Every structure is written in structure tokens, then in C-alpha cells.
Amino acid sequence: MAKRSARPFSVTDLPGFATIAIMAFVALYVPILTLVAYSFNGATSVAVWGGFSLQWYVAAWDNTVVQAAAMRSLGIAACASVLATTVATMAALGTTRTAPFRGQTAIYVAINQPLMVPEIVTAVALLIFFAAIKVATGYTGLAYLVMAHTAFCIPFAYLPIRARLEGMDLSLETAAADLYASRWRTFRYVTLPLLAPGIAAGAMLAFVISLDDVVITEFVKSAGQDTLPTYMLGQMRRAITPETNAISTALLALTVLLLTAFFLLTRKRD
Amino acid sequence: MSEAATAAVAVEGRNLVKAFGQGNAAVRALDDVSVTIAKGEFFTLLGPSGCGKTTLLRLIAGFESPTSGAILLDGRDITALPPNRRPVNTVFQSYALFPHLTVAQNVAFGLQMLGKPKAEVAATVDRMLALVKLEAFAARRTSQLSGGQQQRVALARALAPAPQVLLLDEPLSALDLKLRKEMQTELKRLQTETGITFVFVTHDQEEALTMSDRVAVMSAGQILQTGSPRQIYTRPANRFVASFIGETNFLTARISGGAAHLAGGVIALPAGTADTASATLAIRPEHLRLAPPGTPGALPATVAHSVYFGTDSHLHLRLADGAELVARQQTSADGAAGPEPGTEVGVLIAEGAVQVLQE
């Protein structure tokens, strides 16, 4: 006991710490593991195990509606993440590589608006706003979804890029200018290469955020523009089949892959 | 540096003022500084932190623009030019090496930005790496190098475009003592070999004295004295220079008839010294000699205490009027201890060692 009291206070020493930790992890992972397990179910039920099978993956793969929704999801995520990352990079440069100016905090808040305004409010607002434009122009294509996704992806791309810019040694840019690089060449040959991991991380995060969006997509999409998540939501309303589990598992795998890449890119290196 | 007066001018600063902040809160980092640096000279800006030496360097590099005044390079006014259009390169205190480039790519950077042909860039990079003895490290990342090696890459990178002037901002301060000594020699060698004008910023008086052709001593945004290391050490213009460069004893005395009158005696001064009721005398500790008490011409003093430094000892002496003096005594060959505290001694001052300071 004397030995124990000599140690500095640690929250892990508190009674019940292990129990709570295990409960938290159970709550986090058991549902997902169940979903993954039942995606390999040989039976039609999502509750009764009928042996290992890949039939639901095959079914999902062969389902042309799923194929179309998946391609749409990936297409929108690709466009939205590229656009959002470009805007976020410029915004990050504009908010870190300038002398402090009045209203800087206001601009920071404005850029991160999608993190604060409830998504359902934005969704309803976009529904009304885009409906008016759709009527006026007659255009009902995917551009609305791309624009909406770009908007809410910007803060997710902005934050890692800004963090990287703020951590960058400013004397490197001074050194480039000293070595005859114009402002553009300083950006091109020094700032941008050093910023690249932040930009890649921001793009990946934006891609993942776009990929799994339901609320705004559900409100903004026109007929026949289901993305993978909205398609799955529609399926769940009718009948729950392990096919949905299979699609979810595939989506999960992709997300985990991208987020792993994100963490590898943003972790501190010596 | 007697040639400096007649040699061509590399850099000239005219009435430079740099104020930071606005209105009454404004701080003058540089307060009407004029300076002339000759071509091929190793010129050092020496002063304590906050004296404006780095600001002056940054003005020459173009990283800051002066509030007023002008900067001329080779007779051309470059005050309005951005840093990338000035034929001047900088060695940064933090080195500022590009972490995403190799050693060779770092050295090539300036040449590439100047649009030099590939073959010329490659040849110059090889020559520069040879100059700083880093040929074997060309393909390495800068993060894989030691502090001293990074320092040499920074030097090679700044020298590669053959600038008219090389600016060095406390480049040795991050190195340990032994490496710093080596780099001092190295820097002096590079300067001699390349013939490029070096403007070196430091707060280390030893660095300034050992490497420079001329030194400008700065304090509170002004240049107090410019001269050869020998001039500023032996003939400091004022009390600040005398105390900042090396150690100095200050005595207050009345000057009349070409001699300084102290409580305990009289010290002869150079002929023509003007009479004053109260003047400050500066005397270096190494110019004081101990003699038996009562020796003619010696000031009577008492040993207060002594501090042993190895090669020499500092003897703290108290004169009759209570003024304190420090005398430096070389350790004798037999290593015998100096006089005990409380011992009565006489202090002899070497001829010509007394500098009368203008206040």
C-alpha cells in the first residue's frame, strides 16, 4: 500500500475504471462486430445464424441499384473532397499567412459553420433553396449534391491543413524568399510540399465525411439520385436483409482504410 | 582595416530607422543608424539581445523594410526591393533548411530559383559541398545530420548563388563550445577563400574579436563604435563598449596637468589630455601589476578576495577611497597561490593602459 501511495495519481487506479472501460468498448464495438458477423450469414434472417456464406456480398455486388448508388457515392465524395480541399487550403493560407486583422475570429467561425449549425437545419434550408433553383433552371443533376457535400466537408479539410500550416517553421518561407524564390515559387516549392500531408489528410477526411452523409443527401437529392447511405436507409424501411449488412461492412472497410491513412499522415514525426 | 576607407563599398545603410508599433507605443529597434561595409570585409554587428543588430541584418536582407532611411548595395538603392530580388543570402540562426529536400537539393535551391542551367547547378553544388566538406552527405535528408553538419549545409546553401553579401544571424549560437571554435575558423576560411563580404551578427564578443575585420558595437538601436577588434578593445569609445567587450575597471578621477588624480595617488596620462573635474578611466585587468606596498608610482590597495580561473586568477583589490579594481594575474609556472585576502599591496598600471572615456 505504501508503494502505491508513492505513485502519482492516475485515473486508472480508481475503483470501477476497468469495468467502465470494458462497458464503453462493448457498447462501441459489439454492435458493429455483430453487423459484420451477420454479413457472412448463410440464412436470410439478420437474427438467426445459418452458417458462413459470402452470398450477401455476391447479391450486393450483382445488384445494379447498389452498383449505381455506390458509383454515385464515390463520384460525389471524390468531387466534393477535391473542391472542399482546394477551398480549405486557400482558406487555411488566408487565415495563417497574413498579419492579424480585424474579424479574424469571425472568419474562423464562418468557415467552420457546418460544424455548429445542426445538419437538419442546413438540410431543410438547402432543400428549399435548391428547389427554387431547380424550378428556375430546370437542372436537376448531381451538381446540387456535390455543392452541398463540398460545403459541409470544408471544415473537415480545413482543420488538419490549418494545423499543419500553424506548425510549420515560418523561417523556411523566409529562407526561400532569401534564395530568390518569388511568392508563388515559395508556395510551390516549399509551402506546398511541406503542407502535402495535411492536404492529403484533409482530403481523406472530407471524402469519408461525404461518403457517409445521410441527412443532407436525403433532403437535397432528386429522384433516382440515391447514394449508398440513402439507398440503405430506404432498404431498411422495407425489409432488413443481410445484404445491407454486407454493404455496411464494405463501407466500414473503406472508411477504416481511409482513416488509417489519415492518422498515418497526421501523426507527429521526429 | 585601413583599406576599408578607400576600398569599394559593398553595403551602405543611411539614417536607418525601424520602429515597431504605433504612436507613443512605438519602439525604435533602430534609431538613425548609418553604416558602411567595405567589399570583401568580415563585418560584425555585436551587441546584447534587443540592441537592433538582427533588425539591421533583416533590413539588409529585405525581410523588413525601414521606417525611414535607405539601404544601398554596391551603390544601388535596394530599399524597395523584396528579398528574392536582392543579391544577398542569409545563414539563419535556426538554419531553416528545407526538411523535404536532400542536402544537395537544399544547396541547389537558390541556383534553381535563379534559373541557372542544370549542369551549372550540379557543378556548383558539388563545389559548395566540397567547400564545406560534406560531399559524402549530398543525398542525405537534413534531419539525418548533426547540428554542425546542418550548419555547414546552411552555409553552402547561402554561398552557392555567389551573393554579393552573406548575412549570418548568430549562426554559431546553437553549437556546443568545441564545435563553435571549429566553425569560427571554418567561417573565416570560407570568407577568405570566397572573398564574399560577410555581415555577421553575434552577441559573443570573443566571436566578434577573433573573426572580424571590423566590428560595430550596438546598443539600444544605435551603433556606438565601429572599428577593428584591436581598436574597440584597446580604445573603447565609451563606457558601454568598454564594459561589453572584455572586462574593464572603471575609476573616477580628476584630471589636471596631464595626470589623473585619485585618492591614493596619481596616474600619468597621454600628453594633451584635457583637464576635467571628474572623468571616467577605463583600465583592463591584465594591465594591472602587483608590487610590494610603497613602491614608487604604485596605488596602495588591499586584496579583498581572489578567483582562480586556471590560466589566471582575478584579484579583487580595494583602493584607499574604497573603489574596487580587478587585476588579472597569470598563474605562475609553479602554481603558487597569489596573495591572501587582507594583504597590503601596491598596484602598478602599465603605461598607456588608461583610457579616458567621454561620457
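Using N, Cα and C of the backbone, Cβ positions are placed for all residues, glycine too.
Automated prediction, rather than curation, is the source of TrEMBL annotations.
Residues 46, 49, 52-54, 56-57, 242, 245-246, 248-249, 252 of the same chain, all 6+ positions outside the transmembrane segment (A:20-40), place their C-beta atoms under 8 angstroms from a C-beta of that stretch. Positions annotated as transmembrane segment by TrEMBL: A:20-40 (among others).
Sequence annotations record features per position, and here TrEMBL assigns domain 'ABC transmembrane type-1' to A:70-265.
Outside the transmembrane segment (A:74-94) by six or more residues, the chain places 111, 142, 145-146, 149-151, 153-158, 161-162, 165, 187, 191, 195, 199, 202-204, 206-208, 210-211, 227 with a CB less than 8 A from a CB of the stretch. Residues or ranges marked as transmembrane segment by TrEMBL: A:74-94 (among others).
The transmembrane segment annotation in TrEMBL covers A:115-136 (among others).
According to TrEMBL, the transmembrane segment annotation covers A:142-161 (among others). Nonlocal intrachain contacts for the transmembrane segment (A:142-161), taken as residues 6+ away from its ends with a CB within less than 8 angstroms of a stretch CB, comprise 72, 75-77, 79-81, 83-85, 87-89, 91-92, 111-115, 119, 122, 126, 130, 133-134, 195, 198-199, 201-203, 205-206, 209-210, 213, 216-217, 220-222, 225, 227, 262, 266.
The transmembrane segment annotation in TrEMBL covers A:189-211 (among others).
Long-range Cβ contacts of the transmembrane segment (A:246-265) within its own chain (Cβ-Cβ under 8 Å, at least 6 residues beyond either end) map to 32, 35-36, 39, 56-57, 59-60, 66, 160, 197-198, 200-201, 204-205, 207-208, 211-212, 228-229, 232. What TrEMBL lists as transmembrane segment is A:246-265 (among others).
For the transmembrane segment (A:115-136), same-chain residues at least 6 beyond its ends with a Cβ under 8 Å from one of its own Cβ atoms are 109, 144, 148, 152, 155, 215-216, 218-220, 222.
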